[in-house]
Each structure stands twice: as structure tokens, then as C-alpha cells.
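J.: Just dropping this structure here.
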Amino acid sequence: MMNTCFSDYTLCYALLSALISFMITYTVLPLWIKRAQEIGFTGKDMNKPYMVQVAEAGGVWVSISVAFGILFFIALEIYIGGLHKYIVELMALSLLLFLSSFLGFLDDILGWKKGLRVIYRIVLMAPLAIPMMVIKAGHSTMNIPFIGVVDFGLAYPLILVPIGVLGAANAFNMIAGYNGLEASMGLQLMLFTSIYTYINNVHPSFEASLIMLAAITAFLIYNWYPAKIFPGNSFTYGLGAYYASLVILGNFEKYGLMLFTLYFIELILFIRGLINGVYKENYGKVRNDGTLEPPYDKIYSVTHLAIKIQLFIRGKATEKGVVIVLNIIQFFIGLLSLILINII
């Protein structure tokens, strides 16, 4: 049964704001792609057997579009609905998205592999969670399986929130490197977040997830194989921090962690690589015919697992196949999370 809070114009406002977000992304990206190619702001497409230069940092425009979508939603709520709910939370969310995307943009321009030390990276990422910390986002009590309800007090906004935001921003950046992969995985995170928050009447996480979902959908049109634009770290850092903030604002940490399962698996595989002296790359080894083979003997990323799954099932692996396999896995994780959240 629909929650009564969605019986007013809130859902209409959210859909209109999502449309704004979609249209800005869809309209601006072709202009950015053309300009980026003209000035040489491009990167090599690593999973192709031939040289392809693709426009970089498309995630910046996803963040800008989402910010405009959120502002449009706030305007509708105030000027038409006469409401002033969730303004602080949504403005803080927009600021966090800008901070994280700006950091990612610096990464896209300068590149961590071109000289920026790890300590600089940590210092630059430290402020990302400040908007959520300042407004004391979320609830300090959490229902932990096998333990029960725990009240973390001030440790929640001052310690757990920064850990969650920074952790998600870095984690989402770990499953990447294939045309359409980051965007499609982000789309699924936002899709299942919007479904859960709609069913459970969680504001403003529902509206914010729907607005981001629309922007990613538009971006994926240009990012899907063969990609005309890369998302860059401006997208991955921004989306990861944004997702964590939605979870914190909506107080659905358990569901948020369940939905993020694939990224925990990626972390385990990454650590496995470090133990074996391998700082892994996600890319496959590209054959002359464009198919892929595993870059290492062992599996150090879920992308390597996706390559091996394809080889086992059909005898060859492709870049598009890697993205499809991982999206199928993420889809089932999303469904199971929706089913199990009220059982666990």
C-alpha cells in the first residue's frame, strides 16, 4: 500500500526534478565530448586492440546536473508546495557531491600516478564528509545483527560518518575500467536505493536517489560500449560519497551495506593481491581480435572473475561481456537485499 506521504505532490516534484537532471546531462555531454576531443582532454581506452582516445571527466556534468535537479526540487517544494522540509539535508548533500566530484576532477587532471603522493590524497579526501558531519546527519542508534540496538552517540557523526563516506568513495572507484561499468553499477545502486526508500517512505533519500538515477541514465547513453566519454574519478568519488550520504540520511545502513556486497568482495580480492605482491589492474589482456584474457593467473578483482566466467561459459571474453556479467551479479544482489532486509 502506498505511503500517505507520497499521496501529495512530492512524487511529482521528484519526477520533474529527475527529468531536469536527465535533460541537462543528455544535452551538455555532446558539447563536452566535442570540446574535450578538441583540446586533447582524452584518455586511452585500455580494453581495445587499437588506439582509441575518449573524452575524460564526464562525471563532472553528472554532478552538476544532479545539483541543479536538487535545487529545482527544493524550489518546487518551497514556491509551490509551501514546504521547507529537508532543505538543510539536500543542500549538504549537494555540497558533498561537489566536493567529492571536484577532488575526482583534480585526480582526472593531475592523475595520482603522475606524482601525487598517497598522503596528499588522504588530506584532500578528508573534508568530503564535513557537510554530513556539520548537520549531524543520520541517527546514532543502529540495530546490529546478533548484538541488538547500539547508540554510538557523537561517535556516529564524527567518526562513523566520515569512515562511511570516504570508504564508499574509494570503494566505488575500485570496480572500474570498462566501458559503461561504473555508470551501470551506479545506476543499479541508485535504482535499488530509490525502490527501497520509496517503499519505506524514506525522505529525502528517495528524491535524491531518483535525481541521480536520471542523470546516470543520460550519462550511460554516451558511456556505454563503445564509450564516447569516460566517467573519470569525478564520477566514481562523487557517486560513492553520494551513495553513502543517502544511506546515512535515510538511516538504512544495513540495507546499504548489503547492496554494496560486490565492493566488499572487490576489497577482499584487492587485499589478496597485495598479499601476493600484486597491485592489481582491472583491465584484461587484449587479444588482436578484441577479446580478453585474464591479466593474472589468480583473481584479484571481480572484473577478472567476470572474464573467467565468460571463458568458462562461452570460450571467449569481451569488454561488454564483463560489464553485463557484473551487472547481472549486482542485480541479484539488489533483489536479495530487498527480500532479505526484513528477515535479517
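Cβ atoms are placed via backbone N, Cα and C, with glycine included.
Feature table excerpt (TrEMBL):
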- 12-33: transmembrane segment (TRANSMEM)
- 54-80: transmembrane segment (TRANSMEM)
- 86-106: transmembrane segment (TRANSMEM)
- 118-138: transmembrane segment (TRANSMEM)
- 144-169: transmembrane segment (TRANSMEM)
- 181-199: transmembrane segment (TRANSMEM)
- 205-225: transmembrane segment (TRANSMEM)
- 232-249: transmembrane segment (TRANSMEM)
- 255-275: transmembrane segment (TRANSMEM)
- 322-343: transmembrane segment (TRANSMEM)
J.: Contact between the transmembrane segment (205-225) and the transmembrane segment (12-33) is defined here as three or more C-beta pairs under 8 Å separated by at least 6 residues; is that satisfied?
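T.: Between the transmembrane segment (205-225) and the transmembrane segment (12-33), which are separate recorded stretches, there is contact, as judged by 3 or more close Cβ pairs.
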J.: Short question: most Cβ pairs under 8 Å with the transmembrane segment (54-80), which of 181-199, 232-249, 255-275?
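T.: When the Cβ pairs under 8 Å are tallied, 232-249 comes out ahead.
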J.: When only pairs 6 or more apart in sequence are counted, do the transmembrane segment (86-106) and the transmembrane segment (232-249) reach 3 or more Cβ pairs under 8 Å?
T.: yes
J.: With pairs fewer than 6 apart in sequence excluded, do the transmembrane segment (181-199) and the transmembrane segment (255-275) have three or more C-beta pairs that lie under 8 Å?
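T.: Answer yes: the transmembrane segment (255-275) meets the transmembrane segment (181-199) with 3 or more Cβ pairs below 8 Å.
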J.: Can you see whether the transmembrane segment (322-343) and the transmembrane segment (144-169) are touching - at least 3 CB pairs under 8 angstroms, only pairs 6 or more apart in sequence?
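T.: Counting Cβ pairs under 8 Å, fewer than 3, so no.
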